[in-house]
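Since the structure comes first, as structure tokens, the remarks are kept for the end.
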Amino acid sequence: MENLIGDLDVLNPQDTETCETIHVSKDGNTGNKRKLYIESYGCQMNFADSEIVASILQKEGFDTTSDIATADVVFLNTCSIREKAEQTVRHRLVHINGLKKHKPELLVGVLGCMAERLKAKFLEEEKIVDLVAGPDAYRDLPTLISQVDDGQKAVNTFLSREETYADISPVRLNSNGVTAFVSIMRGCDNMCTFCVVPLTRGRERSRDPKSIVAEATDLFAKGYREVTLLGQNVDSYKWSPEENNKAWLEKNGSSNVVNFANLLEMVAQIHPDLRVRFSTSHPKDITDEVLYTMAKYENICKNIHLPMQSGSTRILELMNRGYSREWYLEKAKSIRHILGDDCGISSDMITGFCSETEEDHQDTLTLMDIVQYDFAYMFYYSERPGTLAAKKFEDDVPLDVKKRRLEEVVTKQREHSLLRNQLDVGKVHRVLIEGFSKRSEDDLQGRNSSNKVIVFPRGTHRKGEYVNVFVEECTGGTLIGRVVNS
Ligand code: SAH
Ligand code: SF4
Ligand code: F3S
């Protein structure tokens, strides 16, 4: 596993799309005059939102740029999930302050979860910030920008119960032209006690399935071959044609409700060559119907991100996760039973949550031994202001203990990732090519159905093609092979 980021705050063995990764806008060339530079932090949902922001502003005369020095407007799309994520943004603002000294007319805006959490306080705390917009306020950005043009500071952190940006066709900023993210819902109604997301993203709402299918169909027509359906808890996706309103649905019910399994099927039917992935599943909500739908369609990738957080039922209760260790293990068993051993299972883990004992920590390690995750994002607990845990519990595990436990979890995951990858050696995998390998343009890379990165000599193949690759060897993070009979 190569990518050990920071002081073990996160371990991400394969994918670079994780919390605290930064994405920078690409150069657009629609001939627009003003230049917009967006830097995105946090999760895939933030990256997808930046594409919505770029789309809204393109209509207002902005082109995106990858060079901050040429920008008229700089937006940081921020994350609040852990303290470190917020600190990164604060440091970045110090740097941008330097740029603004040479270019006083530069408009600096803070978007996303940190904007939502701190609201107008941001303007007091960070004098260089001109504009603050929360995740549901992006349609208002043109107005907010004109307020700043008129010499005022601008803030909109209103959280909506309806906004899904369903009609907005995102400008693909982070794209390799082959894989794309499609948001299917926003917000989160779970109240995991450690988590700031319900405070920063508001109430859960699902996007009209017609607009999701239309977006995925359009992506396929443009040459994309994989979509990842995004939501904080995709298994609670629920949309009714009568009225997309949870309270109404609970009261009246509806025979026409589209659930996540139905949506998956609708997207899978667009074309057999369009792969479908999704993230994130919640162990308490993923249904067998979803698993059987995955089994039914070859093009729904066999990989489930099923964050466990802790292996101790006592800690899971304090976290308000809504499942026990035993429940989680049953889910993992159902996945293996319905989708087979090749199905990838990944997880998120937090060490050192309030009152976590060595015994609780051992429960996490033993659960990992049973499930044997393909990979995991791992963190030590970071108390977030305003969360239930911050209000109710003491953050009483010393930092050095949190970090030591994290290291133990990371070491275990390393072993498991290698073991799981070794099982793939000697087999043929269908790979969607995403581009050159990170190390050399003589090699290409793509992923198999279970989300493993596979590197192989390029030959005459190109990105966007499917090839069959015989895997000959592996590391903990990558499978290495050669193309056979494709
Ligand atoms: N909706 C997803 C998680 C989104 S946040 C789910 O429910 O699984 C991504 C991950 O960040 C979480 O799974 C959790 O492991 C981690 N995380 C969230 N809040 C955290 C905190 N306060 N400290 C440390 N890690 C945290
Ligand atoms: Fe946070 Fe829990 Fe919602 Fe995930 S399900 S976003 S961890 S509150
Ligand atoms: Fe961060 Fe907000 Fe995503 S807090 S992880 S950017 S939903």
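Even glycines carry a Cβ here, placed using N, Cα and C.
These features come from TrEMBL:
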type: BINDING; residues: Cys43, Cys79, Cys113; note: [4Fe-4S] cluster 1 binding site
type: BINDING; residues: Cys188, Cys192, Cys195; note: [4Fe-4S] cluster 2 binding site
type: DOMAIN; residues: 34-150; note: domain 'MTTase N-terminal'
type: DOMAIN; residues: 174-419; note: domain 'Radical SAM core'
type: DOMAIN; residues: 422-485; note: domain 'TRAM'
| task | Note the mean pLDDT of the domain 'Radical SAM core' (174-419), expressed as a whole number. | result | 94
| query | By a simple count, how many Cβ atoms lie within 10 Å of the Cβ of Cys43 ([4Fe-4S] cluster 1 binding site), its own Cβ left out? | reply | 24
| query | What's the CA to CA span in angstrom from Cys79 ([4Fe-4S] cluster 1 binding site) over to Cys188 ([4Fe-4S] cluster 2 binding site)? | reply | 15
| message | Cα-Cα, whole number of Å: Cys192 ([4Fe-4S] cluster 2 binding site) versus Cys113 ([4Fe-4S] cluster 1 binding site)? | response | 17
| task | Kindly point out which of the binding-site residues Cys79, Cys113, Cys188, Cys195 have a C-beta less than 6 Å from some atom of ligand 2. | result | Cys188, Cys195
| request: Take the C-alpha atoms of Cys188 ([4Fe-4S] cluster 2 binding site) and Cys113 ([4Fe-4S] cluster 1 binding site) and report the distance between them in angstrom, rounded. | output: 13
| If one measures from the C-alpha of Cys195 ([4Fe-4S] cluster 2 binding site) to the C-alpha of Cys43 ([4Fe-4S] cluster 1 binding site), what distance in angstrom results, rounded to a whole number? | 14
| query | What does DSSP call Cys113 ([4Fe-4S] cluster 1 binding site) in the simple three-state scheme? | reply | helix
| query | So what sits near Cys113 ([4Fe-4S] cluster 1 binding site) in its own chain, CB-to-CB under 8 Å and at least six residues off in sequence? | reply | Gly42, Asn46, Thr78, Cys79, Ser80, Ile81, Pro135, Val196, Val197, Thr200, Arg201
| task | Would you list, in sequence order, the residues of this chain other than Cys188, Cys192, Cys195 that have their CB within 8 A of the centroid of the site's CB atoms, where the site is the one recorded for [4Fe-4S] cluster 2? | result | Asn190, Met191, Phe194, Val196, Val197, Pro198, Gln232
| request: Output: those binding-site residues from Cys43, Cys79, Cys113, Cys188, Cys192, Cys195 whose CB lies less than 6 Å from an atom of ligand 3, in sequence order; none if no residue fits. | output: Cys43, Cys79, Cys113
| remark: Cβ atoms other than its own within 10 Å of the Cβ of Cys79 ([4Fe-4S] cluster 1 binding site), all chains, total 26
| message | Let's check the environment of Cys192 ([4Fe-4S] cluster 2 binding site): how many other CB atoms sit within 10 Å of its CB? | response | 22
